[in-house]
Amino acid sequence: MIKNTSYSDKKLSLFRRASRYDNSQKGLWDYLTVYHWRAITLIFWLITAGFLLYMHRHGIHWLSLSDTDDNLRFAEVQDWLHGQKWFDLEQHRLNPPQGANIHWSRLVDIPIAALILLTQPFLGTGGATRFAVAVAPLLPLGVIFFGNALTCRRLIGPHSFLIANGLLLCAGIALGMFLPLRIDHHGWQLAFLSLMIAGNADPDFKRGSLTVAIASTLSLIIGLEMLPYIALTGGMQTLFWVANIQRAKGLSYYGLTLAFTSFVGWLAFASYANRGPVCDALSPVWLSVTVGGGLLLALITRLRGDWPLRFIAAFIVGIIIATGFSLAWPHCLGRPEGISPELNDLWLSHVGEAKPVYTRDLKVIILILSLPVVGIIALLPALWCNRSSLRIGGWITVFLTFTAAFVMTAWQTRTAPAAQILALPSCCWIVMQLWQGIKVDRPWKSNLWRSVTLLLLLSIITTFLPSRLVAWLHPDQKKTKSLGLISKSPTHSRKTKSEKESPSYPTPSTPHPERRCPTIPALQAIEALPPATILTFVDFAPRLIAMTHHRAIAGPYHRNGTAILDVHHAFRGSQQQAENIIRRHAISLVLVCPGMPESSIYLNEAKNGFYAQLAKGQVPLWLEAVPLPQNSPFLLWRVKDRDTPNPRHHNP
């Protein structure tokens, strides 16, 4: 007999449940946090999103995409909407006519394009574009609010999600990945990482295994940045089964789901280039691991022996995967980028996010590591207190992934956002211990006041005090923006004596040209010129092609090492070498923005190079100045035909 429950019955049940909590000692506070945590988290996200939109309203209006990846993502979406094929991820306006090979996928393009298409009939093309680049980064922010809240509820308790949501706002470096205009994939990667951790903390084994597998696949489709954490969460799924035979079905679900979804994801999203054995994206190389490994894990769950036998079986699977990978893909045993030593020396070693955290300025180190240090301090007692609990598996997952992210900041600063996100559960745990230790009355107002007070205390420790320390150490500098800490732009974190004493060369009349060059008003004069192939800085090329109809030679994307080296050789080398490169690429304009970080590299490391000579005013006769508005931050020259006499240089 099927029981028919009407809406009124459900409503009555809801009121009875509320009444039961109201009449209990815990009262309304527990009722709201236990049964309506999703709605509260949603409200928290909406308020945060609204605040961020308001704070960045001017940048949204001017499409101030500050990062190179954001600008290239914008260009990729625009090209797709204008007819470029789904599987064609080449950027045809970089390194023409061959194009630039980009290792991304269309997965992150989908929400941006969908927002544009849905709002275009109402807002027009410009309004829809601004709406999309403003709202798209806030979608993964909602996912990470939910994932972080879910993890803390499962590992700590039902009330902890309030503290977890508040602590997320203290993770300044990580939060910078979700700000309006940050349309690149980093926010989505962090969001899927939070779901992997939540999945391993799920007391429902099957649901948790499916969550980990699907989140891992979506992360792999986007890129390989989270590969270490995917391996660790997958390894924990296996160890859960080794320790408890009841987890066999969960591991089977994980293996089969990972194998199936990764194969389908590769078929649906792999670009033409990623169908080959490349090492830096989901390709047949990594598909052999996810599909082969997933099927082997599902197979060994049929064993019914004791834990030593299960451990040996899991160990053998690991040996098979590692050996097969080494024999089949020996070219992928090193760094997945596969760049040459010269490209590393001239380019990647100068990229801010690729530098170890200890090479950065002290102010940057403080802002990056303040929250993870609190997390590390709280993590060990959290593990100890949960050593006999059913939650220990989730806490071990947090320990392994967080420790990995924290240690890897000593390799590359780009792991700092993940380290801050993974620090949140242990930070939340220590706050909840303090919360439970404070003796106050039971009414919900007292509980709310207690939560807010402790959250403010921890935010002071992890955010306010570090920022004040930075201001005290550097009183002459403005507050460092979180977006500037994790950037692809070249940096000189600790300048040498020669770098500090580099000469000041003539620049455009406008002050701080490096700040104005990326702006739409400054680029209007460049946009007004007929379409051309332009030699410009590697880090300015994505902005140039995103905001104008021009072409450039290279952006900061490792698969295009030859083109990146051509730009560096041109600006670092002699005028003759620069001319040869310019003629070979059929370049018709040379555009520079004095003061950009990349220009300081050329000035400091190639003091007699082509760019340094241009900055000194020593312009070869095969270039002629192009008139620009008086307040333009750019310097622009047109390349003359070969039949023009070509002395070394002239001084205008």
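Even glycines carry a Cβ here, placed using N, Cα and C.
The region 'Disordered' annotation in TrEMBL covers 484-517.
The transmembrane segment annotation in TrEMBL covers 35-55 (among others).
Per TrEMBL, the feature transmembrane segment maps to 131-150 (among others).
The feature transmembrane segment is assigned by TrEMBL to 162-183 (among others). When Cβ-Cβ distances below 8 Å are used as the criterion, the transmembrane segment (162-183) is approached by residues 33, 40-41, 44, 48, 52-53, 56, 59-60, 63-67, 70, 73-74, 108, 112, 132-138, 140-141, 144-145, 148-149, 151-153, 190, 367-368, 371, 416-418, 420-421, 423-425, 427-428, 431-432, 435, 451, 454-455, 458-459, 462-463, 481-483, 485-486 of the same chain, each at least six residues removed from its ends.
Feature annotation from TrEMBL assigns transmembrane segment to 210-230 (among others).
Annotation comment: TrEMBL describes 251-269 (among others) as transmembrane segment.
For the transmembrane segment (281-300), the list of distant contacts is 103-105, 213, 217, 220-221, 223-224, 234, 237-238, 251-252, 254-260, 262-263, 265-266, 269-271, 274-275, 310, 313-314, 317, 320-321, 324-325, 328-329, 332: same-chain residues at least six beyond its ends, Cβ to Cβ under 8 Å. Per TrEMBL, the feature transmembrane segment maps to 281-300 (among others).
Beyond the transmembrane segment (307-329), the same-chain residues lying 6 or more positions past its ends with a Cβ under 8 Å from any Cβ of the stretch are 238-239, 241-243, 245, 277, 279, 285, 288-289, 292-293, 296-297, 300. Feature annotation from TrEMBL assigns transmembrane segment to 307-329 (among others).
The annotation transmembrane segment is assigned in TrEMBL to 364-385 (among others).
Below 8 angstroms of C-beta separation, residues 151, 154-155, 193, 197, 200-202, 228-229, 232-233, 236, 240, 243, 356-358, 368-369, 372, 375-376, 379, 382-383, 386, 418-419, 422-423, 425-426 of the same chain, each at least six residues beyond the ends of the transmembrane segment (392-411), sit close to that stretch. For 392-411 (among others), the entry in TrEMBL reads transmembrane segment.
Tertiary proximity for the transmembrane segment (417-435) is limited to same-chain residues at least six positions away from its ends with a CB under 8 Å from its CB atoms, namely 144, 148, 151-152, 155-157, 159-160, 163-164, 167-168, 171-174, 176-177, 186, 190, 193-194, 197, 226, 229, 368-369, 371-372, 374-379, 381-382, 395, 398, 401-402, 405-406, 408-409, 450-451, 454-455, 457-458, 462, 486. As annotated by TrEMBL, transmembrane segment applies to 417-435 (among others).
Under the heading transmembrane segment, TrEMBL lists 447-473 (among others).
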For the transmembrane segment (131-150), what are the same-chain contacts with Cβ under 8 Å, counting residues 6+ beyond its ends?
37-38, 41-42, 44-45, 48-49, 52-53, 56, 60, 63, 65, 70, 74, 111-113, 115-116, 119, 123, 161, 164-165, 168, 177-183, 187-188, 190-192, 194-195, 197-198, 201, 421, 424-425
